[in-house]
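One structure is given here, and the rest of the page talks about it.
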Amino acid sequence: MKGLFFFFSPFSLMFLYLLCISFTAETEAGLRNGDGVYIVYMGSASSAANAYRAQILINTMFKRRANDIVHTYKHGFTGFAARLSAEEAKVIAKKTGVVSVFPDPNYQLHTTHSWDFLKYQTAVKIDSSPPSSPEAGSYDSIIGILDTGIWPESESFNDKDMGPIPSRWKGTCMEAKDFNSSNCNRKIIGARFYKSSDDDSEYFTTRDVIGHGTHTSSTAAGSAVENASYYGVASGTAKGGSPNARIAMYKVCNPGGCAGSSILAAFEDAIADGVDVLSLSLGAPSYAHIELNTDPIAIGAFHAVEQGILVVCSAGNDGPNGGTVVNTAPWIMTVAANTIDRDLESDVVLGGSKVIKGEGIHFGNVSKSPVYPLIHGKSAKSADASESSARTCDYGSLDQEKVKGKIVLCENFDGSSYASSASDEVKSKGGIGCIFVDDRTRAVASAYGTFPTTVIDSKEAAEIFSYVNSTKYLQDPVATILPTVTVEKFTPAPSVAYFSSRGPSSITRSILKPDITAPGVAILAAWTGKDTSISLEGKPPSQFNVISGTSMAAPHVTAVASLIKSLHPTWSPSAIRSAIMTTDLISTVNYPSIGISGYKGNENKTVSRTVTNVGGDGVAVYMVSVETPPGFSIQVTPEKLQFTKDGEKLTYQVTVSAGDGSLKKDVFGALTWSNAKYKVRSPIVISSETSTTN
C-alpha cells in the first residue's frame, strides 16, 4: 500500500481525552453495585513508580486473601482485578497513582465469497501466496483474536506449507481437559483462556463451544478449504483474508458474556506475546456510554497501540439509529458491516406463477408449485389475540385450525418483530411456511432450518396483498416457498447493513466513527464441529456456518491490516490505519478523516493535516479535489502538494465556512489528493451542537 499517509500519536489523543474526562476519586458505580470484582487501573507499565504502587497495594490489602486477586496487569499497563467491597473500592480509588477503579463489566459478542468481493473494493491486494523474498516482504504477521476460543480440528486451521513459527513469538498453548499442546500448530501458534469468577470450570479451555471465535479466526486468517458450504448454501472455497498469517486465540468470552477483567488480561498477554494486530468482535451495549478510563477495551487498546499493535474492533449491532456505535476510542479502528454481492434467495411463487423475490436460508421439502393455501396472519388470529399481534405472528397469536396446512403472511409493521419468531409461531400451529414482510432485514439472510421461511420487502409484499385480496380469482390464494439458491453478482452492493451501529461517537463528534465498513452479512466461515443447534435432522453437524454482524466485518479489516504489516513490518498502527481508511482528533488531531463539530455557522473553521509520501517514487505531485456540502465553502491550502523524496511530510489546511448560520442536519463531504497513480480520500463531516444525524 503506497501513496500518502496520515500519522497520529495515540499518546496525544489519550492526553487530550484525559483532560476531558473527570477522573473522580470515588467510584460511584461501585457504591451502586456493591461487592464484586473491580478493576484497578494504574496507568502505563513503563513507570516503575506505578508498578511499585500496584505491588504495595496488593501486598497490603491481599496478604491473607490471595484468592481474591483475579488478575494482575504488568505488561504495557499496570493494575489488577480483585474481589472488593464497595467501601474497599472507594478507599483504593483515593490512593496515589490510581487512575480509575470500576466494577468488572460484562461485554457481549457482536454476532469465502466475501474476499472475492472485497478484493475489487480495495487497493490492497488479496493474495494467498506468500512473499517470495525478504524484499517482497517475508515478515510473518501474527493476529491476536479476543473471542470465544477456537475449534482447532477445523480444516481452516491446517498448517500445510507454512514455515516455522516466528522466532519472536513468546506466547504459549495452554492445555486443558479437551485442548492440549498438539492442538496448536504452525497456524494456531497461541491459545490462552481466562478464568472468570462467574464461569463454570467446563469453560476453562481455549476450545470454542459457541462458534463465534472459530468463525472470526477463519475469516481473518483461515487456510483455503475447497467445497465449503452450509449444507450446500454459499458453496465455494472458504479462505481467510490473510491465509498465511498466524493465529493467537485469547478466549475471553463464554456463553455468559465477556468479562472486562479477562479482556484486559488478554491485552496484557498479547502485548507480551508479540502479536502484530489484535481483533475484537465484541463490546459494550450502545446505551452504556462508558467513559474511556473505565472501558477495558479502550484501556487495553491504548497500551497495545503504544507498543505498535493495531487494534481492530467491531462497531456494534445496534443500528440503524444514530449514535449507537461503540468501541470509539480514537486509537481503535472501528468497523461497520456492509452487504456483499451475493444473495441467498428464497422466492415465493403465487398462483398464476408470479414470482416474488425473497431472502432466507431454509431446507424445506415442499412442492415447487404453488399448491398451498395462503393466508394473512390477521385473518388467522386466535380468539384472544389482538389484530396487531396476529399481523406480526407473535407467539400465541394464531389459531391452529386457521393456520394448519397453510403458508402464512406475517408483517413487521411495528419495527420490533423478527422472522424467526414469526416462523416459530406458524410452525407450532401446523403451518407449511412463513412469508415475512420486513424492509429492514430483507438484505440479511438468516437460517430457519427445514421450515420454509423467507423475507420480502414491502414493495414486493404489495403484490402479494393485491393477489390475496383480489376478487378476480375464483379460487382461494395459493403459494409456495422455493428452496434457497445462491445468487452471485447481486446489486446493489455494498450497502451498509441495517443492524450496523451508526455514528456519531458519544465521545465527540469531531472524530468520525465507524472508521470503515467491511463485509459482515451472510459470511461463510468455519464453525465448531459438534454444534447440533445448526444441524439438519439426519445430517452431521456442519463444519461451516453463515452468520452476520459487525463481528464478521472486523476480521476482514484485521486481515487487510495483517497483509499490510507482512509487506511493511516497520509501519506503525497509524500508518496501517491510514493506508486502509484513505485507500488508495479532535479537529487538531492528525486523523485520516476530518470531523468538525460544534459548528456555529457564519464563521470560518480551520483544521490542519500532515501527510507523508510513501509512494516509492521519490518526487511526487498531488492535486486536491473537494466534494463540498451544499451551502458550504471548503478551501484547501495549498491546493498542490509537491514532494521531493520518499518519507517527506507536508501539511495542508482545510477551512470551512457557510453563509447560513443554521445547521439542522449533519452534512458530509470529502477531499481527495490524487496524481496519475494514487488517490487518497478523506471524508468530511460538519455538525453543530443541535444538528441530527438523520
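Just so it is clear, glycine is given a Cβ too, placed from its N, Cα and C backbone atoms.
Unlike curated entries, TrEMBL annotations are predicted automatically.
The active site, charge relay system feature in TrEMBL is assigned to Asp147, His212, Ser551. Among the features that TrEMBL reports, domain 'Inhibitor I9' is placed at 37-110. Taken from TrEMBL, the feature domain 'Peptidase S8/S53' applies to 142-584. The annotation domain 'PA' is assigned in TrEMBL to 391-463. The domain 'Subtilisin-like protease fibronectin type-III' annotation in TrEMBL covers 589-686. Positions annotated as signal peptide by TrEMBL: 1-29.
Feature map: TrEMBL annotations on the structure.
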{"residue": "Asp147", "record": "active site, charge relay system", "CB count, 10 Å": "27"}
{"residue": "His212", "record": "active site, charge relay system", "CB count, 10 Å": "25"}
{"residue": "Ser551", "record": "active site, charge relay system", "CB count, 10 Å": "29"}
Please report the distance from the Cα of Asp147 (active site, charge relay system) to the Cα of His212 (active site, charge relay system), rounded to the nearest angstrom.
7
Between Ser551 (active site, charge relay system) and His212 (active site, charge relay system): CA-CA distance (Å):
8
In the domain 'PA' (391-463), how many residues does DSSP put in helix, strand and coil?
21 helix, 16 strand, 36 coil
What are the helix, strand and coil residue counts for the domain 'Subtilisin-like protease fibronectin type-III' (589-686) according to DSSP?
0 helix, 58 strand, 40 coil
Across the domain 'Inhibitor I9' (37-110), what are the DSSP residue counts per state (helix, strand, coil)?
25 helix, 29 strand, 20 coil
Average the pLDDT scores across the domain 'PA' (391-463) and report the rounded value.
95
